[in-house]
Amino acid sequence: MKTQRDGPSLGRWSLVLLLLGLTMPLAVIARVLSYQEAVLRAVDVLNQRSSDANLYRLLNLDPRPTMDGDPDTPKPVSFTVKETVCPRTIQRSPEECDFKEDGLVKWCVGTVTLNQAKDSFDISCDKDKRKVAQLGDVLQKAGEKIVRGLKNIGQRIKDFFGKLTPRTES
């Protein structure tokens with residue numbers, strides 16, 4: 001009686017399983033991170049290198065720019081982080097920490113690679129200057145509206161007095 005073990009199919013399956021076993025570690029090593037995962041890793045690196053007392057957590061991730069498909073090419077990133085209530089000395093994920101009320105907000109820009117094996121980050125952070133720039137824009141627009149409003153009021157006053165006719169005594 002002939003069994004499955006005697007046939008060539010067992011040898012083929014063994015070869016397929018062997019090839020799969022050899023290629024699986026390569027797939028794990030060459031794992032490609034998503035844009036958000038790469039930024040979260042960058043935040044972890046920032047927390048490790050920071051001399052501030054508390055951890056920072058991702059507050060806002062600016063929209064992903066259009067990028068090429070090469071995970072080894074550095075990708076531009078822009079995001080804000082905010083100080084949390086968790087001390088940097090404890091081993092805790094920043095996502096587990098609440099934001100500190102009136103905590104420091106930093107705007108970060110730089111590049112990351114999506115290839116986890118490369119793990120390349122070039123990020124610099126400053127106090128959130130965009131808020132100051134946004135305030136400047138708001139003040140400029142408000143000033144322009146005030147000037148337009150004053151011009152309109154001036155024109156109305158001019159029109160009002162222009163319509164008045166001098167009174168003559170009879």
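For all residues, glycine too, the Cβ spot is worked out from N, Cα and C.
These numbers come from a predicted model, not from an experiment.
Per Swiss-Prot, disulfide bond is recorded for C86-C97, C108-C125. Under the heading region 'Active core', Swiss-Prot lists 150-162, citing similarity to another entry as support. Taken from Swiss-Prot, the feature signal peptide covers 1-30.
Recorded features from Swiss-Prot, shown on the structure.
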residue : record         : CB count, 10 Å
C86     : disulfide bond : 20
C97     : disulfide bond : 18
C108    : disulfide bond : 21
C125    : disulfide bond : 19
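Cα separation, C97 (disulfide bond) to C108 (disulfide bond), rounded: 20 Å.
Counting in whole angstrom, C86 (disulfide bond) lies 19 from C125 (disulfide bond) by their C-alpha atoms. Under DSSP, C97 (disulfide bond) is assigned to coil, being neither helix nor strand in the three-state scheme. According to its DSSP assignment, C86 (disulfide bond) is in a strand. Break the region 'Active core' (150-162) down by DSSP state and the numbers are 13 helix, 0 strand, 0 coil.
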